[in-house]
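First up is the structure itself, then whatever we jot down about it.
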């Protein structure tokens, strides 16, 4: 991706985020999709901006949460594509929380090679990719970010809206090995906090979809972190029947921590 393409991509994500702010903390008509997840006019407003603008940055297919009914055979023919969640954290958005994001990932051969995560209510845009570094743009200023050395107590983030019994069991096992500080947040913001060194671990033992994780995974990897399934393999995004991810954990590339975490896996 050229510098001009990156500038255009960052601007596009900011514009999509600004569109969501027009609805934020206002009266919303919340609808339920087939999987019982909520969707609002803000989701569709951001989707329209990204679906129209991304092919002008790179003319490749766009797979968005709000337009994902695309035949598997067609998706299998793609080599590169945009993977988009126009508004990640709709439950938080509906509740008036600032913890929602706009996610755009560039996928090549099933790997998230670059990602942009906008945090509209905070005026921030995180971006990066494996081998390309990571940064956050705020108030026109760019700051490089990096995962931190592992802290004690271990700062562990969990979903504000999507807990599970398996998650609690994992936390109990991990707490037998190391002291924990538990932090809750919505959307892919948890990945961004890891990339910026604000947390040490984000385990996820409840369902997510590919568009929930791809952009932020690229940012985490650019910042020196990992996003692994519970067998220790990086998450991938090749075309398959279901858009659901396996359960995963995001963490710094620290072999001792990785060993402890995977040993406590469900």
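Here the Cβ of each residue, glycine as well, is placed from N, Cα and C on the backbone.
Going through 7, 200, 212 against TrEMBL, the one listed in the substrate site together with 65, 87, 88, 89, 90 turns out to be 212. In the three-state DSSP reading, residue 90 (substrate binding site) counts as helix. Here residue 85 (Mg(2+) 1 binding site) comes close to 64, 65, 101, 102, 103, 188, 209, 211, 212, 215: these same-chain residues lie at least six apart in sequence, with C-beta atoms under 8 angstroms from its C-beta. Excluding 85, 88, 212 themselves, the residues of that chain whose CB lies within 8 A of the CB mean position for the Mg(2+) 2 site are, in sequence, 65, 87, 89, 101, 103, 187, 188, 208, 209, 211, 213, 215.
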